[in-house]
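First the structure, in the form of structure tokens, and then the observations on it.
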Amino acid sequence: MTPGIRPLVAGNWKMNGTSASLGELRGIAEGFAQGLGEVADGLVCVPATLLARAAEVTTGTPLNVGGEDCHPKESGAHTGDISAEMLKDAGATHVIVGHSERRTDHGESNATVHAKAEAVWRAGLVAIICIGETQAQRESGSTLDVLAQQIAGSVPADANAGNAVIAYEPVWAIGTGLTPTVDDVAQAHAYIRARLGDKLGAVAGRMRILYGGSVKPSNAVELLSVENVDGALVGGASLKAADFLGIARAYRSL
Ligand SMILES: O=C(CO)COP(=O)(O)O
């Protein structure tokens, strides 16, 4: 937590979900409408195929919906790609860029992620810019250097508290049930805030830095209470309303 920063509990459905999953989304929206929205902002990023219907389901509730990736361009001959403007048109308020699965599966560089963040802003949406070290990088002691490089390369210099959210997701913690120690999370988040400060100035003190990687209801209080952790980016546990709401509920006791 950071004094003065309203937390954000965000879900990332990845390549999961069909129309049958909209009931879970409705459950999440109801949970935020029935009180959780008072303690945290809620967002679920869904596959593009579901976005328009997800936006309908959540209309009139505090829950926002977002996209998981976008193309840097607004339109054109890019078969199979989707622009930030299209995501906005379908109802997105946020777009994840630079998720480690995109960096790995699609070879996305920091420069690509930077261009995608700019595309998100061109469309008037909020970019959730993901960074995080691999297992090998952690074992070789280069975690903080990797984070510094990713911030330098992926985060545009016009990022601010209104248009960008940073998500720290250690790659080895994603989908594995493993999480860094509270001390490691605190160190990484403080370091990220400091590097953002070098780059962006005072605005960095108001930016949200989310933690992602195996966040569950059972570890949410511990992880979300860490200094400079301003919310979570949740994968697997965002697919079930009970689990996602269980994580958000941590803010009732923090
Ligand atoms: O990658 C993640 C969110 O973007 C985290 O995924 P898990 O919560 O399934 O570990």
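Every residue gets a Cβ built from N, Cα and C, even glycine.
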Candidates G42, G60, G175, the one TrEMBL lists with N12, W13, K14, S214, G235, G236 as binding substrate: G175
Given the binding-site residues N12, S214, which one is most crowded in terms of C-beta atoms within 10 angstroms? N12
Candidates K14, H99: member of the recorded positions with the richest Cβ shell (10 Å): H99
Could you check the binding-site residues G175, G235, G236 and say which one's CB has the fewest neighbouring CB atoms inside 10 Å? G175
Rounded Cα distance in angstrom between G235 (substrate binding site) and H99 (active site, electrophile) is 11
Measuring Cα to Cα, tell me the gap between N12 (substrate binding site) and H99 (active site, electrophile) in whole angstrom. 10
